[in-house]
Amino acid sequence: MKVFYDSDFKLDALKEKTIAVIGYGSQGRAQSLNMKDSGLNVVVGLRKNGASWENAKADGHNVMTIEEAAEKADIIHILIPDELQAEVYDAQIKPYLKEGKTLSFSHGFNIHYGFIVPPKGVNVVLVAPKSPGKMVRRTYEEGFGVPGLICIEIDATNNAFDIVSAMAKGIGLSRAGVIQTTFKEETETDLFGEQAVLCGGVTELIKAGFETLVEAGYAPEMAYFETCHELKLIVDLIYQKGFKNMWNDVSNTAEYGGLTRRSRIVTADSKAAMKEILKEIQDGRFTKEFVLEKQVNHAHLKAMRRLEGELQIEEVGAKLRKMCGLEKEE
């Protein structure tokens, strides 16, 4: 898989263009500021006088309504939550799409699953930093960047690569390295990673470990330190050095115990469950479920959030994070 760097990309394709960033959350703020600081012409489209309106103005942006931004821009970069994109697109963006314009995303969800169907003659691309927005902005200001992905779903103008690669360069992604992929691959792997490992799998593993120790009579504080707090140390080692060097950096006791016991935790049944989760993503079952959840105003999600906040590990963790100076007293 080819990796592109700064010397491979040029900003030329965007020199006479206007980029409208729709949304001003973590990614919207970071990407719009980085592109603006790279000399690109950026406007920000937001709900009139919404919560982000003044924030974007304070950051020096030319702020306008979503409709005004969509009409003015050559490239419309949609960075609002997945579940809101189709509705906003249909009502406020689609009427202003003309042949030769570019529709851009940082996650392929709505294009891949067909919730947004652009008209003919419009480029459809994706540029996705592989990092939270704050890191995208901080590393750019430090003179570097974070890795990213680019995709081209529709190349109506025969220069979609030049456009999306220029956006990646403007955001600072090519300073670290950019990989070209597809909307399908980006969407399905991203959802799988979130559900099976990064957000779903890890939190359930931590919770099970914490509860096992507490139920065996150990102090909740000790259980938290050993199953949650110290996880960051191990993840940082893996992130920086890989598995092999992580094992080199921990004690022999930890290495032997981990290597000989890990397959009893993540079993063949666990991998079979992962495969089923991936199938649900691939065949659209998860997407249908998520759409139905939105239709009932996220009732199930809100209930799960409430229950998660009531867990003992949350209560113990809040106290220990304050003790460690990680979380300020309210």
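Yeah, the Cβs are placed from backbone N, Cα and C, and that goes for glycine too.
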Matching residue for the NADP(+) site, where Swiss-Prot names Y24, G25, S26, Q27, R47, S52, D82, E83, L84, Q85 - out of G121, G133, G143: G133
PLDDT averaged over every residue in the domain 'KARI N-terminal Rossmann' (1-181): 97
Set of same-chain residues at least 6 away whose C-beta sits under 8 angstroms from R47 (NADP(+) binding site): W53, T65, I66
Site with most surrounding Cβ atoms, counting all protein chains shown within 10 Å, from the recorded positions Y24, D82, H107, G133, D190: Y24
Those binding-site residues listed as S26, S251, and which of them has the most Cβ atoms within 10 Å of its own Cβ: S26
Number of Cβ atoms other than its own within 10 Å, given for L84 (NADP(+) binding site): 13
Neighbour tally for E194 (Mg(2+) 1 binding site), based on other Cβ positions within 10 Å of its Cβ: 13
